[in-house]
Amino acid sequence: MNNPLYQKNIISISDLSRAELELILTTAQSLKHNPQPELLKNKVIASCFFEASTRTRLSFATAVQRLGGTVIGFDNAGNTSLAQKGETLADSVKIIASYADAFFIRHPQEGAARLAAEFTNIPVINGGDGSNQHPTQTLLDLFTIYETQNRLDNLNIAFVGDLKYGRTVHSLAQALSLFNCNFYFIAPEALAMPDYILEELNEKGINYSVHSSIEEVVDSLDVLYMTRVQKERFDETEYQHIKSAFLLNADMLENVRENLKVLHPLPRVDEININVDKTPYAYYFQQAQNGIYARQALLALLLTNHFQDQA
């Protein structure tokens, strides 16, 4: 059976169908339980981070190396010809891509990954472009939800915090809309979910509602997806008010569903009290670890045409 993801660019989560998402998740599950240490032997993956990253960069490098591949690239664009000598992004991409079998890019500019894809004939993977998209984070989020809930369909999912600039919630809401989930958006008015996401949900007939506090909906949830409210976007007084309104404490989880899982793309700052860590609902550290398997699955499918026959 031909692999529909072979040599495909992954720029937006919207580039993937429900069937393709399910293929990635089953492949991730297979790789988590059945490692393939030589699957990417002799493959070279370019990893280019024009923006700071910890979890994405390290889990991606780990994913490649545990599949037997080699990583080239940089985590500080300030030391590259693009920054030091004025080379264009297009020229940088063309040259780096000529050394590799796939190109993973994180960039602060929205649309940078799609631009990169125009200048190379190898698969380009978007590792985050500005406040736009973060599709590989979405894949690990979906894998974690599937792993903990045993399904993706018809779940009650709340998104909390910075829903305007948080690229992780944009991608995840779009992906989960393929599975007819119910959404609860909890954010300060200045950081509400963008209109274009709401319009997409309306077009698909997806149920969603807007709330001012976690307590309003937490007892009805299957997944509580927390995000960081960015302090730099508010004055100190306003930030302190917002921070306290969107803080999750363990005592707020006393009457929740047994299957509830609290997720967070990390890093967390003030939005999840450490007393939540010891509850059975906290799953954000396992979620981060799942990034290895989700990214392994994506690489396996992009670079090996018949891997799904083994999954």
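Positions of Cβ are set from backbone N, Cα and C atoms, glycine also.
Per Swiss-Prot, the carbamoyl phosphate site holds Arg55, Thr56, His134, Gln137, Leu266, Pro267; the candidate it also names there, chosen from Arg106, Arg114, is Arg106. In the shown protein chains, 18 other C-beta atoms lie within 10 A of the C-beta of Arg228 (L-aspartate binding site). Fewest other C-beta atoms within 10 angstroms, among the binding-site residues Arg55, Arg106, His134, Arg167, are seen around Arg55. Within 10 Å of its Cβ, the residue among the binding-site residues Thr56, Gln137 with the fewest other Cβ atoms is Thr56. Excluding Arg55, Thr56, Arg106, His134, Gln137, Leu266, Pro267, which define the carbamoyl phosphate site, the same chain contributes Ser53, Thr54, Gly128, Thr168, Pro265, Gly291 within 8 Å (Cβ to the Cβ centroid), listed in sequence order. For the carbamoyl phosphate site, whose binding residues are given in the record as Arg55, Thr56, Arg106, His134, Gln137, Leu266, Pro267, the maximum C-alpha distance rounds to 17 Å.
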